[in-house]
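Look at Swiss-Prot and you will find 1-29 tagged as region 'Disordered'. For 58-78, 95-115, 124-144, 155-175, 187-207, 215-235, 291-311, 327-347, 370-390, 395-415, 443-463, 467-487, the entry in Swiss-Prot reads transmembrane segment, with the evidence type sequence analysis. What Swiss-Prot lists as N-linked glycosylation site is 361.
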C-alpha cells in the first residue's frame, strides 16, 4: 500500500516519463546479485536528485517555470495582431486566428516526440534542442512576407516549444517528494496560464505602438533567449536512468572494469514500446476508460474556453464597450490572472491541510484530489454567467473584469486536480493517460478560437458566454460522481492498479 501511496506524480500534462518517475525516488538498491549493475547508494546518495538542497530545487523549479511562461506566452501574443495582419495579408480575421490555433496544434503533436526523447536522452538535451528551435522560429514570424510562412512558423514554434511543456513536469518529479511535488507542480501549472494571459495584454500594447505587430515575435524571442541561456548555464540533468548511465560510464573509465552498466544500458526502450506507450495505448484507453474519457472531456473544455477568450475578450471590450486601444482592452485579462493565482494558492493549501495528512497516515486514495475540483466546477459557471450578463455597455466595466477571477480559479483548479487525479488513478500507465489527455485537450484548444468570432457576433457576449456556462454546468457531475463512486469504477478498470 505504501508504494502506491508514494507513487502518484503530479503534472500538467503531456507524455513525460511519469511511469518511470514513480520508481525512481526510492534510491534503494535492487536485490539482484548483479554486482556490476550501477544503482543509487541508498536513499541518501548525494548524487540522487531527491537529495538536492532546497534552494537548488527551488531555483530549478523557478527556471523551469520561466521557460514555460515564454512558450505559452508565444501561443497567445499573436492574437492581438489578428486584426491588423488580416488587413496586411488581405484575409479575414477568422483566418488570422489560425496563427494562435496552429501554435496550440503544435502543442498537440509535440509531446509525441519530446516525451520519448526525454526517456532516451534525459531531460536537458531534448529540452534545449526544442527550446532553441522554438526561439529560432520567432524570426520567420517577425519577417514573414506571406501568410504561408507566417502560419508554418507559428505551427513549428508550438511544436518545438512544447518540449518544455512535455518534459518539465517529469523533471520536477525527479527531485521533489509527493507533497512538495504537488506544490512545485502548482507553480508550473500557474506558469502555463500566466504566459497566455499576459500574451494578449503585452501584444496589444505592442500592436498599438509604433513598433508594429512583428515585434510580438521579437519581444518573445529576446527574453526567451535570455532565460534560455540562464537555463543552459545552470540546470543540471535530473533524469535518474541517465544519471546512473553516466555513473556507470564513469566507473568503467575509472576502474577499467567494462562490466559496469545501468538499467538504461540493458533495457533501452524500443521503438515499439515507445509507440505503445505514447500512441497505441492512449487511443485504446480513450475507448475503454470512462474516468479518462470524462476527465479528458472536462479538461479539454476548460482549456478550449481559455483560448476562446483570447478572441472573446477583445469583442467584449473593444467592440461592445468601444475601447479603442488593444492593450487597454486586454487589461481585463488580469482578472483571470488573479483567479489563476488564487486557485494555485487554494490547491497548495488543500494539499497541505487535506492531502498531506492523509498521505502520511496511509489512508489516501485518488478521490482525495477531487474536493478542490468540485469547488472549481461550481466557480467556473458562476464566473461565466457573471461575465456574460455584465457585458452591456450600460453596466460598468468593473464587474465584468472581476468576473475573470472565478473563471481563472475554476480553470486552474479543474486543470490541476483533474490531471493529478488521472495520474493517481492510472499510476503505472500514467504516461499513456496523459498522452491521451494532451492529444484531445490541445486539439480542442486549437479549435475553439476558430469559431469564437462567429459565435460571439451571432449570439452576443451574453448568450455566447452563457452557452459556455451551460456546458460547464453539465460537467459538474463528473468530479462529484467520481468522488463518491470512483473506487467502484476503478475496480472495473483494466489499467488502474488496486489501491
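Backbone N, Cα and C atoms are what each Cβ position is placed from, and that goes for glycine too.
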Spatial neighbours of the transmembrane segment (467-487) not adjacent in sequence (6+ beyond its ends, CB under 8 Å) are 291, 294-295, 297-298, 301-302, 305, 308, 365-367, 370-371, 373-374, 377-378, 380-381, 384-385, 388, 410, 417-418, 421, 425, 455, 459, 499
So if I exclude everything within five residues of the ends of the transmembrane segment (395-415), which remaining residues of that chain have a CB under 8 angstroms from its CBs? That is, six or more out. 12, 189-190, 193, 197, 298-299, 302-303, 305-306, 316-317, 321, 331-344, 346-347, 372-373, 375-377, 379-384, 386-387, 472
Lying 6 or more residues past either end of the transmembrane segment (95-115) yet within Cβ distance under 8 Å of it, the residues of that chain are 13-17, 74-76, 78-79, 81-83, 85-86, 89, 126, 130, 147, 150-151, 154-163, 165-167, 278-279, 307, 310-311, 431, 435, 438-439, 442-443, 445-447, 449-450, 452-453
Within this structure, do the transmembrane segment (443-463) and the transmembrane segment (155-175) have 3 or more Cβ pairs under 8 angstroms, counting pairs 6 or more apart in sequence? no
Please check if the transmembrane segment (124-144) comes into contact with the transmembrane segment (58-78), where contact means 3 or more CB pairs closer than 8 Å and the residues in each pair are separated by 6 or more positions. yes
Spatial neighbours of the transmembrane segment (291-311) far in sequence, C-beta under 8 Å, 6+ residues away: 75-76, 79, 82, 97, 100-101, 104, 193, 196, 199-200, 285, 333, 336, 380, 384, 407, 410-411, 414-415, 418-419, 421-422, 425-426, 433, 436-437, 440-449, 452-453, 456, 468, 471-472, 475, 478-479, 482, 486, 489-490, 493, 496
I need to check the long-range neighbours of the transmembrane segment (58-78): which residues 6 or more away from its ends have a CB within less than 8 Å of a CB in the stretch? 52, 99-100, 103-104, 107, 127, 131, 134, 138, 141, 154, 157-158, 161-162, 164-165, 168, 171-172, 175-176, 184, 187-188, 190-200, 202-203, 206, 216-217, 219-220, 223-224, 227-228, 230-231, 234-236, 238, 307, 310
Beyond the flanks of the transmembrane segment (327-347) by 6 or more, those residues with Cβ under 8 Å of it: 80, 182, 186-187, 189-190, 193-194, 197-198, 200-208, 309, 313-314, 316-318, 321, 372, 375-376, 383, 397, 400-413, 416-417
